[in-house]
Amino acid sequence: MPSRQLQILIRKTLPLVPDHVLIIGESGIAFSKATNLLGQEFEHILFDGRNGIHLEALAIAAGTLKMGGTLCLVLSDWENLSQQPDQDSLRWNGNQSAIATPNFIYHFKQCIERYHFPILREESAVEFPTVFYSNEHHKNATLAQQQIIENILQAEQDIYFLTAKRGRGKSALLGMLANQIQAPVYLTAPNKSAVHSVIEFSEGDIEFIAPDELALTLQTEPEFSQSAWLLVDEAAMIPLPLLQEYSRYFQHIVFSTTIHSYEGTGRGFELKFKRKIHRTFQHFELKQPLRWQENDPLEHFIDDLLLLNAEDDFQHFDYSNITYNIEENAKNLSFPCLRGKVPEGPKGDLDIASLPQALEALLTSKGSEGKYNRQFFFRDFYGLMTIAHYRTSPLDLRRLLDGKNQRFYFAEYQQNLLGAIWALEEGNMADDELIIQIQQGKRRPKGNLVPQALCFHENLSQACKLRSLRISRIAVQPNWQQKGIGQNLMQAMENADVDFLSVSFGYTDELAKFWQKCGFVLVHLGEHQEASSGCYSAIALKGISKEGLALVDTAYKQFQRNLPLSFHPFAINFEQNQLDWQLDDFDWMSLKNFANFHRTLFSSIPAMRRLLKLAGKENFPLISAYLTKKQFPINKKKGVECLRLEIKQYLERGTL
C-alpha cells in the first residue's frame, strides 16, 4: 500500500478537482470549521494556502487523510513566499494588518526539502488516484487494543489514562471498551462531532453528555453516577476543574487524549492532572498507527513542522548546586532564521539574556565551534514551553517565530536550557483619542492586553501610555523548579527600559503566592471563569520606573478599595479593611462611562453602591432592586440598559 503524499502546487487560482477531493479553505471547509472533520477520513484533500497557512487546519487535514491519499497544498508563490503577508498572522499577531512570516516560511521550506515533497507548477501534474484502502479490517480490536481493554475491565484502578498520537485507534478502543463494560457508560468530550467513531464502535450503546451539562447533572442528580463508568475523550481540552468534578463522583473513569496533536495537548497534562487528583491511576499508550503505515512521511512532516516532538526530545538536566552569573540584555531584535550555532559562553555560568539578542549572536559568530545548533536551541525553547504549558499550540509556534514586539529571556547552563520567559511589549500608545475610546468601551484594538484591561476596567488610561512588558509564558525545567530560577529571570527583566511589568494568569492561591513572592501585586480579577482553565483571570503588576511605580500603587489601592464592594466570589478571600463609601474621581468616571458608553455592569458596581449610599436608594429604584436580588426581572441586556438610563438621568440632574 503506497504511503500518503504531500504535493505543493504553485498557482494563483485553485485547480479544478474531482468531487471526491475535499477542499479546505476559501472555496471549501473554512479553516475555523476544520475541527468538525476530526474522526472522519478522506481520500484526497486540497488545502488552500494561497493567503496564508493555518497550521491547525493543515494538521487536521493530514490526520484525516486515508492511507494512499494525497494532500495538495496550494500556494500562490514559492520563491517570494517569505515576503508575502500571511493572513493567518491576524489570528496571533497584535498588528491590525497581516505581516510577512519569513522565519516560519524558512522552517516550512526546510521541512518540505527534508521529505522531498514535490513542488509542482502545472495543474496537470497534480494526481488524485483512486484509493482502494478500506479500514474494514480495523473493525476488530488489534492485539494492543485488546490487551488494554482487558486490563481496564479488571477495574483494579480508579482512573485510566489512554494516550495516543492521531490515527492509532484510540477512539475505536473507547467504543469497543464501552461494549464490554457491564454497567452504564457515559461519554463526554469537548466536541461531539469528533466522537462519532467512539459511538460507531460502541454500536450506539453509549450516552453522550456535553462537559458542562455533565457537571451540572452531577451536582443536581449525583446518584446517576453510581456504578457507572465515564469515558472522557480529548480530556486535555476540558478545563481541569471539570475533570476534578467528574472524579469526585465516578468510581471508574477513562481519560483519553491525543498527544502530539494540533490542539497542543502535551504529555504534561497527565502530570498536572495527577497533582490535582489523588486517586489510583494506570496509563496506557497506543503506538502502532492503524490508519496509515509506520514511518508515514506525511505524519513525520507534520510532526517536524509543528515541532510536535519537541517536548519528548527536550533534554532534562539534573539539579546541581552551581554558582552562576546572571546576564541581561533585552535589546528587542527580530527573531532570525534558524541556522548557525550559539557561541560558547563561560563554563559553569548561567546566562540569562534576551533570546532574539542571543540568536543574533549566532549570525555574527565567526567561530565554527558552538554548544547549540540553533535549530535545536529553538526546539529546546519550544519544548520547554510545551512541558510547562501542555496547551502550547501551533498558534504559539507561529507567534514565537514571527510575532512582533516580543522579548525572550532564558537561563542556560552547559548546553542545557533551564528556564525561560516569553514576554510581550505593551503600551507606549500615543493616540489619546483611541485611549479614550478604549476606556469608554468603544474600541478594542488588537494587542496590549493588560494596558487595555486596566484602562477599560480600572479607568487607568495611563497604563496605555506607559511602556510595559507582559510575561506571556514562564517555564523552568521540572528538576530546577523551586530553586529561584524563575525569580532570577524576572529580576533580569527589571533592567528592561520599561515602566512596569505585568502578568495575566488564571487565579489560584498557589500562582498568586508565586507572583507575590516575585514582587508583583494583584490589581484585577475578571468577572467570569476562563473556559480553558476554569479559573478567574487575574492581572498582577510590578513597577519599574517612577511613573510605573505610581501607576501600580494607584491600581493596587483601587483594587483593594473596590473589591470588597464588588460581587466577586473571591471578595471574601481578601482582607477587608474599613469599607470606603466616599465617591472619588475614579467612581465618577465609572458612572459616566457606564451611563453613556459601554462600561460593564460588573466593573461599575462598587461606584454604584457608593452612589446609592450617599444619594439614597429612593433615587435609584431599579439599581436598588438589582443590588438586593443580584438578578434582573427581565433579560440581562434590557436590564443593564435600564440601569444605564437611571444613572444617566441622575447625572444629568447634577445633584447629590
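Each Cβ is built from the backbone N, Cα and C atoms, and glycine gets one as well.
Other C-beta atoms found within 10 angstroms of the C-beta of A172 (ATP binding site) number 24, with every protein chain shown included. Marked as ATP binding site by Swiss-Prot: Q145, G167, R168, G169, K170, S171, A172, L173, L174, G175, M176, R291.
Under the heading domain 'N-acetyltransferase', Swiss-Prot lists 368-542, citing sequence analysis as support.
Cβ neighbour count for Q482 (acetyl-CoA binding site) (all protein chains, 10 Å cutoff from its Cβ): 8. The acetyl-CoA binding site annotation in Swiss-Prot covers I474, A475, V476, Q481, Q482, K483, G484, I485, G486, Q487, E510.
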| field | In three-state DSSP terms, the structure that Q482 (acetyl-CoA binding site) belongs to | value | coil
| query | Cα-Cα separation of G486 (acetyl-CoA binding site) and A172 (ATP binding site), in Å? | reply | 43
| field | Residue among binding-site residues R168, K170 with least C-beta crowding, 10 angstrom cut-off | value | R168
| note | Greatest Cα separation in angstrom, residues Q145, G167, R168, G169, K170, S171, A172, L173, L174, G175, M176, R291 binding ATP per the record, works out to 17
| request: Counting Cβ neighbours within 10 Å across all chains shown, tell me which of the binding-site residues L174, M176, I474, V476 comes out on top. | output: L174
